[in-house]
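In TrEMBL this protein carries:
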type	residues	note
COILED	36-63	coiled coil
DOMAIN	81-166	domain 'Protein-PII uridylyltransferase N-terminal'
REPEAT	538-571	repeat 'TPR'
REPEAT	582-615	repeat 'TPR'
REPEAT	626-659	repeat 'TPR'
REPEAT	670-703	repeat 'TPR'
REPEAT	714-747	repeat 'TPR'
REPEAT	758-791	repeat 'TPR'
REPEAT	802-835	repeat 'TPR'
REPEAT	934-967	repeat 'TPR'
REPEAT	978-1011	repeat 'TPR'
Amino acid sequence: MARTDKNKHSVTKRLQEIEQWFLQYTANVQRNHVPSDSAMRQKKRLEEMRTRAKSQLDDIDQQHNPYQYDEEDPVMIAVEVERAEAVKALFKNIARDRQEFIKDLVDECIATLGPPSCKYAFIGLGSQATELVTPYSDLEFAILIEDGKDNEDTRRYFINLTHYLHMKVINLEETILPSMAIPSLNDFPEKDWFFDSVTPRGFAFDGFMPWASKTPFGRDQTKTKPPVSLIQTPAEMAKFQQLEVSVTEGYHLSDILRRVVFLTGEEALVTEYMKELKRIITDYLISRSQSRLCTMQMLWEHWEQLSTLEPTGQLLNVKKDIYRFPGVAIEVLALCCQITLASTWSVINKLKETDKIHEDNATHLTVLTSISAELRLRTYLHSGGQQDSMSPLTQMKYQSKPQEVSDTTLGLISVFQIPDIQVLFRYYCRAIPLKKCVLDSFRDQSKFILQTKILDVSHECRGRISRKLFLYGRAKHHLKAALAEAGSDMIKRSDILDELGTLWAFFDDSKTGVKVNEESLRIRKSIYGDNTAHPDIAMSLINLGSSWSKLGDHKKAISYYEQSLKMQKTIYGENTAHQDIAVSLQNLGLSWSELGEYNKDISYYQQSLTMQKTGYGDNTAHPGIATTLHSLGSSWSKLGDYKKAISCYKQSLTMQKTIYGDNTAHPDIAASFQNLGSSWGELGDYRKSISCYEQSLMMQKTIYGDNTAHPTIATSLNGLGLSWSNLGDYKKAISCYKQSLKMTKSIYGDNTAHPDIVALLINLGSSWSKLSDHRKAISYYEHSLKMQTTIYGDKTAHPHIAKSLHNLGFSWSELGEHRKAISYYKQSLTIQKTIYGQNTAHPDVAASLNSIGSSWSCLGDHRKAISYKEQSLAINKTIYGQNNAHPHIAAVLNGLGWSWMEIGDYKKAISYCKQSLSMRKTIYGDNTAHPDIAASLINIGSSWSRLGDHNKAITYYEKSLAMQKTIYGDNTAHPTIAGSLNNIGSSLSELGDHLKAIDYYEQSLAMRKTIYGDNTMHPDIAASLNSLGISWRELGDYKKAISYFEQLINV
């Protein structure tokens, strides 16, 4: 809320009054004046501390940059050590600055309240003690009081002192409301509903929530635990380390109180506390069991982080996913060795000095800790508070413009992007082997607690990290080298082959992917048994299915997926919700979708979605759930329900942005934008479609490089081409297709036969066809067909071959070669029936029958045309439902209307066209401007024109024209706009208004010349010239009429 100077003054005055009342009525201190500038001075000190930390980090970047070196270069480790030492010095400085800051705040409070009646010491806990504190970290502390002075008066004084200190900390304006545990807002643990999104979370007391409470206030009594106060004598505070107290209270409190640092007061009390602490911890009778129990508890509490310590490409919580693990590992090692030092850096040195770890491992622990601490500090400095979200992926270079889909970004947060991905590589190359060593050290407490080197720069480790971070080229290099290194280790070989198989699919070499996955499956069956149900065998079956799916053999893919699903149900249980089963269901859905079984694929996706929500939580953002929502969107799109598709894509996109970051460049987010672009295009909103494709393209260029040739960049260019084509800008479409084709050829080879090249050749053919250069279109289609027979085999029945034959049929039809067109359509139909089955209802079969009907209509055999179109209609209704609205059904109804019009049954024609119009309005929206709705309006207009009701015809033509201008732009030259202008002119001519008709004909002619070229021979231009000639002749201006007829002869 914006405050005026008057408001601010009022708030300041109110705060002074509250402080004055506290001092008078709670602390019994009379204070006539409370200075208003104290908080401002302290805020300035905090800001200076943060600025200093940022400046020191910048200096470290300049002076010690190990990430400029190759990983194989031994210099890299030496510079890493220098950087780690510099980071360690920085954090020691921050801890010292904070200690002085806290001391001054406490001294300021005591100066007002008066001195206590006994000696005391404030001790810092948590990261303040471990020397990993940031300038934004919470204040966690306890108070030691002199032995023999623990009475009600003393406690009341220190409670009041803590309240007064808390008041001053709150006035720094960095305490979020939920941490106050105000019952009307957050009544812990019963309710937790209030969220403070306004206050920057920084220097503040540790929260009052039951699981926090690391301040002198301690914790009130709960249902299961007694109250706890952290105002104690050294001896009483040390008792929290006793076994029976630790077990009752929970080990977390004893862990926190084991590592403390002096803040202010009498340091001798801290020395006394540490002496008592060491006596209890090293008491031989309980020390080993105490240490072991504490270690077990710590491993259990942090098991999730220990068990999933690998990069995922997802948005990271820097505190939980990066910073916490090294601290937990070092704490476990300290417990095993009964080390009571507070500073993490000191613990590492002690482990080395006592020969518990080798010198190399001490170095790697220091580097690992410094990386984790530095990343947390950088994240907080970036966001100006304790905002833990950090992305391991590349940030977008520029902010995308606000779009329709911007509602998906509500509530998402700014994210710190790691400046150099190599930082994470070096973190995980140490963290992954350390995880194994920590677990081993707990099981086997020998002299050296870290038995192996905790730096793994093997090709296998680096390959897996690269793959998880979407660095696929790097991953392939390392994994191929790792395979060579694996030798005769069959389990390792099968694991590496598994990962390589999925990588080959990424590089679109699925034939190699099949070979690699088959080798992995063979090895695993030899290890576990040919008929054994084992998770690794099930995974190989899934990977084989994926490779066959990429090769277009979806029936074979389904066979492998079903084998995997059966095996997984044997392993995990028939009715168990398990992630692996959900993956198999998802893959089955994808393959049935490719075979046109959309209702079946939706059933599989929904089973998968239900299972994942059961496993991860109904409202959890998870990559698997996002993928399934994405797939559901694709299926709804294929079923023609584009609004439902967009809803699914938006849900998926929101989830992906929650997982990976709002402004993060991620392949899944880019794919969601791509599919949103496709669906908006189907709904006729081509400009929104272009916007989505452009966002996807931007993101992909950020991920893979601005000038990098990459398959997904090529796909986005292809999508942009489709959208420009739909907007009638065929030249811009051809430009996009050519860029995509050039990129695709550079990826796969200039003379390589590849499905992506085939698709682009088809789209180029389609655009040239729309520009009426049908011979050029045929050239592209024939090139495409030749390439497909190379890819799939000369005798293979493949959907892509059928599509190319269909396109050739369309172009020959446009050239007037309708019998040749029918021949191609029938070849396409034969292949489709071979693929899908003779009596299977499939969209491609329906499309071929409809096209054959259209060609017979052009040959004048309208009854034969109607026969084929009715077969097409029956199949579409079988697929999409007898009473469901679908674009394919609407298109056939529209075509049937045209055929009945040609026969002369205009009422039947109008009936079919009106059914089509009604259905299209149901699909796209009653008031939506869409090309299909415009086409139905034209056909109804034409039917009324044939019935002689030209005024009614003009009404429909004008509605269509207005809609087309809304879709394509008011001043855009587009073939359908030109066609509508010509239709209106024709009806006006029939009504005898030739002058007005000429005006429409001239607009149509000008537009057609803009589209096709001023001197181009095009049938549409010829039609406009003919209409103009006739109109001028009817008006008696024979010279003008002859002029147009002469132009017509030349055309």
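Each Cβ is built from the backbone N, Cα and C atoms, and glycine gets one as well.
Listed by sequence, the residues of this chain that lie at least six past the ends of the repeat 'TPR' (758-791) yet keep a Cβ under 8 A from its Cβ atoms are 714, 718, 721-722, 725, 730-731, 733-734, 737-738, 740-741, 744, 798, 800-801, 803-805, 807-808, 810-812, 814-815, 975, 1011-1012, 1016, 1018-1020. Secondary structure of the repeat 'TPR' (714-747), assigned with DSSP and counted as helix (H, G, I), strand (E, B) and coil, comes to 31 helix, 0 strand, 3 coil.
The DSSP breakdown of the repeat 'TPR' (978-1011), given as helix, strand and coil counts, is 31 helix, 0 strand, 3 coil. Averaged over the repeat 'TPR' (978-1011), the predicted model reaches a pLDDT of 94. Only residues 6 or more beyond the boundaries of the repeat 'TPR' (802-835), in the same chain, are considered here, and those with a CB under 8 A from a CB of the stretch are 758, 762, 765-766, 769, 772, 774-775, 777-778, 781-782, 784-785, 788, 842, 844-845, 847-849, 851-852, 854-856, 858-859. Sequence-distant contacts of the repeat 'TPR' (934-967) (same chain, six or more residues past either end, CB-CB distance under 8 Å): 684, 686, 727, 890, 894, 897-898, 901, 904, 906-907, 909-910, 913-914, 916-917, 920, 974, 976-977, 979-981, 983-984, 986-988, 990-991. Taken through DSSP, the repeat 'TPR' (626-659) splits into 31 helix, 0 strand, 3 coil. The DSSP breakdown of the repeat 'TPR' (758-791) into helical (H, G, I), extended (E, B) and coil residues amounts to 31 helix, 0 strand, 3 coil.
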